[in-house]
Amino acid sequence: MVGAFDYAPAIVLLPFLSFLVALAGGKYLPKGGAFGGIAATAGSLVLSAWVFLTVSAGNAYNETLYTWVAGAGEETTRLTFGLLLDPLAAMMLLIVSLVALLVHVFSLGYMNDEGETGLPRYYAGLGLFTASMLGFVVADNLLMAFMFFELVGLCSYLLIGFWFRDSGPPSAAKKAFLVTRFGDYFFLVGVVAVFATFGTAKFAGEGAFPVIAEEALAGSAAEVTTFGFAPETWFTILGLLILGGVIGKSAQFPLHTWLPDAMEGPTPVSALIHAATMVAAGVYLVARMYGFYALSPTALGIIALVGGFTALFAATMGVVKREIKQVLAYSTISQYGYMMLGLGAGGYVAASFHLLTHAFFKALLFLGAGAVIIAMHHDEDMWNMGGLKERMPVTYYTFLSGSLALAGIVPFAGFWSKDEVLYEALVHGLGGSPLLLAGYAMGLVAVFFTGFYTFRMVFLTFHGEPRTEVARDPHGVRWNVKGPLVVLGILAATIGFVNMVPVQDLTGIHLEFLHDWLAHGELSALTAEHYGELLHDYAHYTSADVASYVAGAVSLALALAGAGLAHVLYNVPEPTEHTAKLGAVKDLWYNNYYQDEYQIWIATSVVLPLSRLADKFDQGVVDGVVNGVSSVSLFAGSRIRRIQTGVVSNYAALLTLGLTALLVVFGVLGGWFV
Amino acid sequence: MVPVQWYLLLATAVFCIGLFGILTRKNALLFLMSVELMLNAANINLVAFSAYWGNITGQTFSLFTMALAAAEVAVGIGIILVLYRNFDDVDVTLAKGMRW
């Protein structure tokens, strides 16, 4: 029977086709190839929806489609491409293809209507990005995931540096590439180590590596190479190596510095790549192999702490930024911190839920910011805006919807998901893993900051009196900008309804569809139910009994406090820079805790001397040995060649002598003279 | 019948005369003659042992060696002619361009 799964490869191939078309013929197509991209992503969306429906009927798909390297023999390591379509992948496919479609449409307004040049290159980049992200989502093994992970990084580089004639974007693109590559280096080592340990990198099915790891810990696995470590230790090391790639891609501390700079790229790119999808790749990877991480309490603890710390750390920096996209960039880092906290705290469903809601509301906020930037003639400084509310109501109300979701105000999407993440951290923290309470505390404080910076941004941009001529008479936007905003605005307001656990607890109405969605499935090793058992058996996570609505009320109160403070300070006709009163703290935050400076310091003061030393060793010792050997040969050759005199008599004499010597040697050895 | 040792002594003597000629003379023609002497020393050995064992193969082989020697002389004479044309002499020590 031909079903959705037979067409699943087309989800990836369609955007790839649009990439080829835009690259080869974009010049001759109307709108620089935009329609090809729109058609391709729309096709992917339809197919994704079909896959989603098929998966929701209880099916799953886990097949190897192509083996590109196979060793000799039966029990050998194979490098393959394959598809893994389970509830998590189906959900992510929908998110990615929907956001990609909306971003393509929005680009018509942001790029085409603004008269940008180089559009085929732009749409080719978007197409390739969408294809590689979708490929990453459906990957059935770690190596394939890694390859698409890198492709995604490449597209990010190409699109951040889209305006390559200015000085900022190319430098930001390089930074993004290098910083994420630094993390990916650990990921690559991790992939190789996984192959060396398990002989396979498949995520699911018979002989998948999380399954083997589980068996190894239970003592029933056939063969696992752990290089002399105890299996628990070694699996933690593997998990942390792969986590390196996650931290780079999902912009977690200390590798988050590339993301704010990546805002140099076109705003739709920021929405697609640096908010909704690519940055999600890291978190998605952890969720994808959650059965592996759930075996290692240490790795989980580190994930939770990094996540909680990043959430707070980035939120504080967002408080003082002047540019609308910078605020959003830091909020992105902070929100991904929450997702990592959720994963580390054992909240697999909570983190996936936050991934889902964040994808929509952050794409919405970035596209809203894009609309504002169009209106402001590409001025991004919020202090030059103000009073845009009356002049662009559609943008205002959709942006408000996204902001309420981001700040976590009931009943918008972000509230439900962020609350659930924090709830998971709290119950597992109280239930015997006190480390998680530190993550919870940081996450909770970050809620207050989130509420504050979000509404500072809203009030500065849309409320009060216009502070410049441009803000008084903004540039209008068309349907192709408003359409995506409205779709995402409605989603940001409503998507939280798929999983309202506090409401369920209060009223008894069944409202946790996402839990149901992820809890069961044909591939039983990939379900939230199974992860729950693993967390309980191996990470020793137990839940304390805390009412979900109490925890929700606490975080809601904090978010409202933050938003209220922003209202008091900034919702006035002529706001002033209250953050300046923070003095040295403001400078610290405005300069991003001097993260860039200290990383440059590391590069110039630590890495550079080390490299010089290595260079000296290479030039002096390694090359010295090689050169020494060759000079001995040269010298010896220059002396010995002198026996080639060119005189025949000498040759004859040497021949005779040689023969005589040979005869004498043979004679002595052969005992002729005895 | 003459014992085979005498033939071997004769052959050794002829060979050593040829070797001495090659090592001491500069004249290319004498070179060629010395080489012929050495070849014929070998021929004497072949024929002597052939007679000693009563086997005709060695004698047949020496016929081949003679033919080979004739061919070699033809080539050698050609080389000597070229040598003379280039150096106006047949002194082998003059032609020493092919060296390090």
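Using the three backbone atoms N, Cα and C, a Cβ is placed for every residue, glycine included.
TrEMBL lists A:77-123 with the feature domain 'NADH-Ubiquinone oxidoreductase (complex I) chain 5 N-terminal'.
Positions annotated as domain 'NADH:quinone oxidoreductase/Mrp antiporter transmembrane' by TrEMBL: A:139-426.
Note on the transmembrane segment (A:6-26): residues 32-33, 36-37, 39-41, 43-44, 47-48, 50-51, 61, 65, 83, 85, 93, 97, 100, 119-121, 123-125, 127-128, 130-131, 134-135, 138 of its chain, located 6 or more positions outside it, place their CB under 8 angstroms from a CB of the stretch. Annotation source TrEMBL lists transmembrane segment at A:6-26 (among others).
If you look up TrEMBL, you'll see A:122-139 (among others) marked as transmembrane segment.
Same-chain residues lying 6+ beyond the ends of the transmembrane segment (A:145-164) with a Cβ under 8 Å from its Cβ atoms: 118, 121-122, 125-126, 128-129, 132-133, 135-136, 139, 170, 172-174, 176-177, 180-181, 184, 187-188, 191, 203, 245, 249, 262, 264-266, 269, 273-274, 278, 281, 285, 288. Per TrEMBL, transmembrane segment is recorded for A:145-164 (among others).
The transmembrane segment annotation in TrEMBL covers A:185-204 (among others). Beyond the ends of the transmembrane segment (A:185-204), by six or more residues, the same chain brings 62, 75, 77-78, 82, 84, 86, 139-143, 145-146, 149, 210, 212-213, 223-227, 234, 237-238, 240-246, 248, 288-289, 523, 525-526 to within a C-beta distance below 8 angstroms of the stretch.
TrEMBL lists A:224-248 (among others) with the feature transmembrane segment. Listed by sequence, the residues of this chain that lie at least six past the ends of the transmembrane segment (A:224-248) yet keep a Cβ under 8 A from its Cβ atoms are 142, 146, 149, 179-191, 193-194, 196-198, 212-213, 216-217, 254-255, 282-283, 285-286, 289, 292-293, 295-296, 298-299, 302-303, 306, 340.
Distant neighbours of the transmembrane segment (A:269-287): 88, 92, 95-96, 99-100, 103, 106, 125-126, 129-130, 133, 136-137, 145, 149, 152-153, 155-156, 159-160, 162, 242-243, 245-252, 259, 262-263, 293, 303, 325, 328-329, 332, 336, 339-340, 343, 348, 351-352, 355, 358-360, 362-363, 365-367, 370; these residues of the same chain sit at least 6 beyond its ends, with a Cβ under 8 Å from one of its Cβ atoms. The transmembrane segment feature in TrEMBL is assigned to A:269-287 (among others).
Sequence annotations record features per position, and here TrEMBL assigns transmembrane segment to A:299-320 (among others).
When Cβ-Cβ distances below 8 Å are used as the criterion, the transmembrane segment (A:327-349) is approached by residues 246, 250-253, 256, 259-260, 262-263, 270, 274-275, 279-280, 282-283, 286-287, 290, 293-294, 300-315, 317-318, 321, 355, 358, 362, 365-366, 369, 382, 406, 418, 420-425, 428-429, 436, 439-440, 443, 446, 449-450, 453-454, 456-457, 499, 514-515, 518-519, 528, 531-532, 535, 539, 541 of the same chain, each at least six residues removed from its ends. TrEMBL lists A:327-349 (among others) with the feature transmembrane segment.
The transmembrane segment annotation in TrEMBL covers A:355-375 (among others).
Look at TrEMBL and you will find A:396-417 (among others) tagged as transmembrane segment. Remote same-chain partners of the transmembrane segment (A:396-417), defined as residues 6 or more beyond its termini with a Cβ less than 8 Å from a stretch Cβ, comprise 331, 335, 350, 353-354, 356-358, 360-362, 364-365, 368-369, 372, 388-389, 447, 450-451, 454-455, 457-458, 461-462, 485-486, 488-496, 499-502, 552, 555-556, 559-560, 562-563.
TrEMBL lists A:483-501 (among others) with the feature transmembrane segment.
Sequence annotations record features per position, and here TrEMBL assigns transmembrane segment to A:651-673 (among others).
Residues of the same chain lying 6 or more positions beyond the ends of the transmembrane segment (A:651-673) and with a Cβ under 8 Å from any Cβ of it are 643, 645. Secondary structure by DSSP for the domain 'NADH-Ubiquinone oxidoreductase (complex I) chain 5 N-terminal' (A:77-123): 31 helix, 8 strand, 8 coil. Distant neighbours of the transmembrane segment (A:299-320): 235-236, 239-240, 243, 247, 251-253, 256, 286, 293, 326-327, 330-331, 333-346, 425, 433, 435-436, 438-443, 445-446, 449-450, 452-453, 456, 539, 579, 582, 586, 589-590, 592-593; these residues of the same chain sit at least 6 beyond its ends, with a Cβ under 8 Å from one of its Cβ atoms. Per-residue confidence over the domain 'NADH-Ubiquinone oxidoreductase (complex I) chain 5 N-terminal' (A:77-123) averages out at a pLDDT of 86.
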